[in-house]
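Quick notes on the structure that follows.
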Amino acid sequence: MSPSDVPINWKRNLTVTWLGCFLTGAAFSLVMPFLPLYVEQLGVTGHSALNMWSGLVFSITFLFSAIASPFWGGLADRKGRKIMLLRSALGMAIVMLLMGMAQNIWQFLILRALLGLLGGFIPNANALIATQVPRHKSGWALGTLSTGGVSGALLGPLAGGLLADHYGLRPVFFITASVLFICFLLTFFFIHENFLPVSKKEMLHVREVVASLKNPRLVLSLFVTTLIIQVATGSIAPILTLYVRELAGDVSNIAFISGMIASVPGVAALLSAPRLGKLGDRIGPEKILIVALIISVLLLIPMSFVQTPWQLALLRFLLGAADGALLPAVQTLLVYNSTNQIAGRIFSYNQSFRDIGNVTGPLMGAAISASYGFRAVFCVTAGVVLFNAIYSWNSLRRRRLAIE
């Protein structure tokens, strides 16, 4: 029996990749609460300079990830997804270790760019599971996997803040590197993949990848949907704390209230993603996607009219429950419309669009709030999501008509 004939325990792989995504999500978000403080510690002074450098070191990771993702996706389709998971986890661990040793802002900026270049654990985990899980369970599996990164990202800022308070800023980078190395070890020992390497000559070129897709126009619309989902999420991030302060008035625990309101969508997504993924396996992920987008629009609009932080918290919880279905539904539709041979590249292209959304979303939110106020951000974001819902519905309708 050849290695490629050995049956894969995809359920165990799902469990281990979930742990890997949890650790990666936690590791990335561990350093986020004090990133501006570390920039200041590296010698940047002055309000405008601090804001500029903080924005640069935050966004450059996503920019370089967007550039590098297609390359790593192609390599994953040639060499296998497990080796890409190992490369990502070990590479990020080394970079995080070096970040804790940075002596000036330029070194730190270069390392943040390198982090983006070497990242990609979560999209490769998605590609691995998507190619191993039975098709009729794709929605549930990818929905479950998405909760790993979300739960890690929820826990990370809290743990990072506590660790920074007790041990200082630099040790948190060393702790984060250790977490990523644990992720590397888990992947090395417990994830199994039957993959026959493909020579460079046998690899499909970009045109052949597009030609092999069942519906290239639909796949492109799914990439755009991913971008807009991240734009909608990111547009609110820069103004959330300030908006909560405007609603709450003069209170002493504004940081706690803001942190809670920032985290409730993630908690809701944890609860909803596997359930809605399973529902999508029954009724179709395209229905879940369109309904979740429409619900998001209906929840974003009243956010601009709330009068108390608790009204905002309730609406954001409901929004998180709807949002928990969006990316898994997109990923499931990508699985349905591509082959295992090109899964690495398709998921990496999707990651590039996601990274672009991560950069443009906060910029859009900051620009709108500066010109028209905090409340306008929610209305404009609702308009963007409504456009996405109409665009996605039209793309899916064309696909259905083409099949008929």
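Placed from the backbone N, Cα and C atoms, the Cβ positions cover glycine too.
Note that the coordinates shown come from a computational prediction; the quantities given were computed from them, not determined experimentally.
Taken from Swiss-Prot, the feature transmembrane segment applies to 19-39 (among others), supported by sequence analysis. Here the transmembrane segment (19-39) has Cβ contacts under 8 Å with residues 50, 53-54, 57-58, 85, 89, 92, 96, 99, 105, 108, 121-122, 125, 145, 148-157, 159-161, 163-164, 169, 172-173, 175-176, 179-180, 182-183, 186-187, 191 of the same chain, all six or more residues outside its ends.
Same-chain neighbours of the transmembrane segment (56-76): 35, 39, 83-84, 87-88, 105, 108-109, 112-120, 123-124, 127, 203, 344-349, 351-353, 355-356, 358-359, 362, counting only residues six or more beyond its ends whose CB sits under 8 Å from a CB of the stretch. What Swiss-Prot records for 56-76 (among others) is transmembrane segment, and it gives sequence analysis as the kind of evidence.
Remote same-chain residues near the transmembrane segment (90-110) are listed as 24, 27, 31, 38-39, 42-44, 53, 56-57, 60, 118-119, 121, 170-174, 176-178, 180-181, 183-184 (criterion: CB distance under 8 Å, separation of at least six residues from the stretch ends). The transmembrane segment feature in Swiss-Prot is assigned to 90-110 (among others); the stated evidence is sequence analysis.
For the transmembrane segment (113-133), the residues of the chain that approach it from at least six positions outside its boundaries are 8, 10, 13-14, 17, 20-21, 24-25, 60-69, 72-73, 76, 81-82, 84-85, 87-89, 91-92, 95-96, 99, 141-142, 145, 149, 183, 191, 193, 331, 334-335, 340, 343-344, 346-348, 350-351, 355, judged by C-beta separation under 8 angstroms. According to Swiss-Prot, the transmembrane segment annotation covers 113-133 (among others).
Outside the transmembrane segment (144-164), and at least 6 residues removed from its termini, the chain residues within Cβ reach (under 8 Å) are 14, 17-34, 37, 122, 125-126, 129, 171-172, 175, 259, 263, 266-267, 269-270, 273-274, 277, 324, 327-328, 331. According to Swiss-Prot, the transmembrane segment annotation covers 144-164 (among others).
What Swiss-Prot records for 171-191 (among others) is transmembrane segment, and it gives sequence analysis as the kind of evidence.
A Cβ distance under 8 Å defines the sequence-distant neighbours of the transmembrane segment (222-242), meaning residues of its chain 6+ beyond its ends; these are 254-255, 258, 261-262, 289, 296, 300, 323, 326-327, 330, 333-334, 337, 349-350, 353-362, 364-366, 368-369, 374, 377-378, 380-381, 384-385, 387-388, 391-392, 395. Residues or ranges marked as transmembrane segment in Swiss-Prot: 222-242 (among others).
For the transmembrane segment (254-274), the residues of the chain that approach it from at least six positions outside its boundaries are 140, 143-144, 146-147, 150-151, 153-154, 157-158, 237, 240-241, 244-245, 248, 309, 312-313, 316-325, 328, judged by C-beta separation under 8 angstroms. The annotation transmembrane segment is assigned in Swiss-Prot to 254-274 (among others).
What Swiss-Prot lists as transmembrane segment is 288-308 (among others), and the listing cites sequence analysis. Sequence-remote contacts of a segment are chain residues at least 6 beyond its ends whose Cβ falls under 8 Å from one of its Cβ atoms, and for the transmembrane segment (288-308) they are 139, 225, 232, 247-248, 276, 279-280, 315-316, 318-319, 322-323, 325-326, 329-330, 333, 375-379, 381-382, 385-386, 388-389, 392-393, 396.
The annotation transmembrane segment is assigned in Swiss-Prot to 317-337 (among others). Through the fold, the transmembrane segment (317-337) approaches residues 126, 130, 135, 138-139, 142-143, 145-147, 150, 213-215, 218-219, 222, 225-226, 229, 233, 264-273, 276-277, 280-281, 285-286, 288-289, 292-293, 295-296, 299-300, 303, 343, 346-347, 350 of its own chain, all at least 6 residues removed from its boundaries and within a Cβ separation under 8 Å.
As annotated by Swiss-Prot, transmembrane segment applies to 376-396 (among others), with the evidence given as sequence analysis.
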